[in-house]
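Taking it in order: structure first as C-alpha cells, then the write-up.
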Amino acid sequence: MSISGRDIITLENLSDGEILQIFETADKFEPVARGKEKSDVLEGKIIGALFFEPSTRTRLSFKSAAKRLGGGTIGFAEAGVSSTAKGESLADTVRTVENYCDAIILRHPKMGSAKFAAEMVEVPVINAGDGAGHHPTQTLLDLYTMRKATGDLEHFDLGLVGDLKYGRTVHSLAYAITRFIPKLFLISPPSLKMPSEIVGDLSDRGVEVVETSNLEAILPELDILYVTRIQKERFPDPAEYEEIKGTYRVDPELLQEAKPELSVLHPLPRVDEISPEVDSTPYSMYFDQVFNGVIVRMALLSMLIG
Ligand code: CP
C-alpha cells in the first residue's frame, strides 16, 4: 500500500487503511517535530506552498514539517505578491511552479481549484483549502486528534457546531469521520446548516444524522464537540453575518452540562465562539490539534514524496 505521488484533494483519495498508516507514521515523527530527533527523509525535496488566501496554521505547519524532515519550501502567502496580480491564470501559475518543486500545496478561494490544479501538473497537489470545498489535511489532523483523545476512531459521539454551510473543515470531516462512526450531530443556526447534498450523501451511506440548533440540549450526549468559526469572509451579505455572529459561545458555564471526558476541538482561528477561559480546562484540545497538524503533515509529505 503506497500513496507515493498521489494528489490529496479530498480524503476520499485515501482508504481507511492509508489514513491509519499516516497516523502510525505521524506517531513516529513526534520526537522529530519536538526537535529531539533529526530526520532527513525529505532531503533534497522542495515543497511549493501557494497560498491565495490567508493562513497561519496550514502554511506554517507545512513549512515546519518540510524543514524538520530536511526539505525546503518555496511559495507565497498572498496572491498579490505573485504574477496573479498581473493577470496570470491559476493554470499557468501551477504549471510554472511545478518546475521548481516536488509537490504543490494550494490554498485558493475557489471551490474545485485544487482538483483543477492537479489536472494541470504532474507533481502531487495537496489541497490546503479550496473555498467552501474541502481541507483534507485539516481533517487528517482532526481525526488523528480524536483518535488520541478517545483511544480509537469508532466509539464516541461527535457534534459539529457553528458554520456548517460554508465551513470546509466540517464538510471534509463529516464525510471522513462517518467512515468510522455511524452517527453525527450537526448543530447550527437554520441559515448555516450543512449543505443538503452532504447530509443526503451521509444518509445514503447509512449514517444517522441529527440536525439541531440547540447546543445546550445536545451537549450532555457528546464525547467530542468540534466548534467552528462563523466565517465572515464567505457571507455574500455582511448584514446576514452581523445577525448571526455570536450565536454559539462555548464557555465554562455551558460546559457544566458536559461529560467530564468531553474534548473540545476547533480548527482555529477562533473569534469568540470559545471563551479563553476554556483553554486551561481539560476539555481544551485545540492547541493539541495545532501540534498534531505538524506531525500529520510530516507523515503525509514523507509518504507522498519522501
Ligand atoms: N485551520 C486552518 O486551516 O488554519 P489556517 O487558516 O490558519 O491555516
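Numbers here mean position along the shown chain, with the first residue as 1.
Cβ atoms here come from the backbone N, Cα and C positions, even for glycine.
Carbamoyl phosphate binding, as stated in TrEMBL, involves Arg57, Thr58, His135, Gln138, Leu268, Pro269; the candidate among Arg34, Arg68, Arg107, Arg249 given for that site is Arg107.
Listed binding-site residues near His135 (carbamoyl phosphate binding site): Arg168 (candidates Lys86, Arg168, Arg229; Cα-Cα distance within 10 Å). Fewest other C-beta atoms within 10 Å: among the binding-site residues Arg57, Lys86, Arg107, His135, Arg168, that description fits Lys86. Not a single one of the binding-site residues among Arg107, Arg168, Arg229 has a C-beta coming within less than 6 Å of an atom of ligand 1. When secondary structure is read from DSSP and collapsed to three states, Thr58 (carbamoyl phosphate binding site) falls in the helix class.
Cα spacing between Arg168 (L-aspartate binding site) and Gln138 (carbamoyl phosphate binding site): 10 Å, rounded to the nearest whole number. In sequence order, Thr56, Arg229 constitute the residues six or more apart from Pro269 (carbamoyl phosphate binding site) in its chain with CB-CB distances below 8 Å.
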